[in-house]
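Below: one structure, written as structure tokens.
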Amino acid sequence: MDDQKAKAPAISDPPPNQTLALEKPKKPPRNKYALACATLASMTSILLGYDGAVMSGASVFIQKYLKINDTQVEILAGIISPFALVGSIAAGRTSDWIGRRYTIIFAAAIFFAGALLMGLAPNYAILMVGRLVAGVGVGYALMIAPVYTAEIAPTSSRGFLTSFPEVFINTGVLLGYVSNFAFAKLPDRLNWRIMFCVGAVPPIFLAIAVLAMPESPRWLVMQGRLGEAKRVLAKTSDTPEEAQLRLLEIKEAAGIPENCNDEVVAVSKKNHGEGVWKDLLLRPTPSVRRILIAAIGLQFFQQASGIDSVVLYSPRVFEMAGLKSDTNSLGATVAVGFMKTAAILVATFLLDRVGRRPLLLSSAGGMVISLVILASSLSVIEHHPHEKLTWAAAMSIASVLTFVGSFSIGLGPIAWVYTSEIFPLRLRAQGASLGTATNRIVSGVITMTFISLYKTITIAGSFFLYAGIAAAGWIFFYFFLPETRGRSLEDMEVLFGKKPEGGEGEAEVVHRGGEDSNAKTEV
């Protein structure tokens with residue numbers, strides 16, 4: 001009897017499997033094959049960042065050499081965005097047709113043609129044609145790199161890997177600024193041409209390297225190529241169990257029976273992209289409608305807060321802050337490039353640890369504060385035109401650096417990570433292309449009106465306006481965007497089907513759900 005009493009507490013002990021489920025699962029080691037694939041796919045974005053940033057310095061010398069006015073410079077700098085809209089929409093259909101991998105190669109070919117046209121342009125008209133071609137390449141790269149990376153990445157490191165396109169965009173921006181500074185002292189008939197022609201070299205090597213990448217497993221399933229998809233998932237998943245689970249979820253999303261294990265199966269025409277626009281725009285389900293609003297809103301606020309104005313026109317901003325020589329202003333833009341690149345590298349390691357929402361809200365808050373300080377400093381300088389206010393100039397430069405740093409640590413990468421992961425499988429390519437199109441439309445409006453805007457409401461007024469837009473963005477992010485960390489791509493429609501509760505409460509519930517699902521997978 002005494003022995004039974006002594007053993008009684010053992011009855012209440014949880015079974016071994018429950019104890020294991022409650023333990024925090026060990027994070028699997030980083031999948032090196034998925035890392036290599038994400039790196040190669042994302043390198044397309046270097047060309048995107050380079051094409052945008054190199055114009056900031058090249059435009060100074062183009063204006064002198066071709067004797068064009070401010071309006072023509074404004075159009076030349078901003079025209080790349082409207083044509084990126086064309087590229088992003090076409091990329092969605094192209095990637096569903098020929099696959100994600102060959103779409104990346106096609107984007108590299110477009111960048112190559114655009115760089116040569118700009119570098120060898122004999123006049124303003126041909127230079128514009130080169131910008132138009134490059135713009136289409138920008139649209140393709142912006143859409144396809146995040147989508148491919150999100151579809152090939154394991155859940156445990158999807159945020160980390162899907163932020164790679166933004167890492168390489170910032171690397172391209174830095175290289176563009178360095179190119180401006182390095183070639184600035186050459187004669188005006190050569191310096192800007194070399195800046196553009198340098199951008200024709202990387203696409204050649206990129207197109208060759210991408211051939212070594214596998215196709216997206218989700219695109220393969222949509223084509224009925226289950227055997228190939230299974231082999232790719234086995235290489236890009238953390239465990240064999242995860243590979244099997246991912247395959248089952250993708251098959252379910254594609255409408256393929258769970259027990260179908262044939263090498264190749266017949267699929268519906270809808271899996272080739274037909275009817276997607278109707279389901280996305282004309283008759284969306286409530287969850288798809290909310291996903292669409294989230295993607296478009298996020299991309300709108302990313303650009304409407306003025307980041308491209310700073311990237312493209314930073315030499316002008318620094319000149320107004322007191323840096324009068326071309327060498328000094330271009331040197332300061334290199335510091336902007338370094339800040340953007342350093343901040344995005346920090347963000348890549350935080351996305352899967354901290355989550356999307358905390359980084360996004362912190363980023364938007366930092367941008368608002370930086371823009372207010374920048375606008376206030378420039379306002380003081382404008383009101384004392386004949387005084388050399390070193391402190392105000394220093395504040396202006398510092399606030400530009402904190403603005404781009406705040407952007408790159410959150411809103412910059414998360415806009416692409418979030419948009420590429422929230423759409424259902426069949427709608428993902430066109431949904432992401434619609435988000436990219438929104439991004440490029442807003443970017444085009446911002447960059448093609450910045451000079452006219454600051455001449456109308458002053459440079460300080462322009463940045464106060466951007467600060468107000470960024471503050472509105474913070475409110476939108478807080479109330480409308482749930483946390484996606486730890487959720488599988490196939491689970492997003494369920495997540496967005498919930499009624500938005502706003503605030504951190506919803507984020508916590510979603511976060512716990514993600515961890516629980518990971519724990520169960522480990523068991």
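Note: Cβ is positioned from N, Cα and C throughout, glycine not excepted.
Automatic prediction, not curation, is the source of TrEMBL annotations.
Record features (TrEMBL):
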- 37-485: domain 'Major facilitator superfamily (MFS) profile' (DOMAIN)
- 1-27: region 'Disordered' (REGION)
- 500-523: region 'Disordered' (REGION)
- 33-55: transmembrane segment (TRANSMEM)
- 75-92: transmembrane segment (TRANSMEM)
- 104-122: transmembrane segment (TRANSMEM)
- 128-148: transmembrane segment (TRANSMEM)
- 160-178: transmembrane segment (TRANSMEM)
- 190-213: transmembrane segment (TRANSMEM)
- 332-351: transmembrane segment (TRANSMEM)
- 358-381: transmembrane segment (TRANSMEM)
- 393-418: transmembrane segment (TRANSMEM)
- 439-457: transmembrane segment (TRANSMEM)
- 463-481: transmembrane segment (TRANSMEM)
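At the 8 Å Cβ threshold, with sequence separation of at least 6, the transmembrane segment (393-418) comes into contact with the transmembrane segment (160-178) through 3 or more pairs. With respect to Cβ pairs under 8 Å, the transmembrane segment (104-122) is most closely packed against 190-213, considering the stretches 33-55, 75-92, 190-213. Of the candidate ranges 75-92, 332-351, 439-457, 463-481, 332-351 contributes the most Cβ pairs within a distance under 8 Å of the transmembrane segment (160-178). If you count C-beta pairs under 8 angstroms between the transmembrane segment (439-457) and each of 75-92, 332-351, 463-481, the highest count goes to 75-92.
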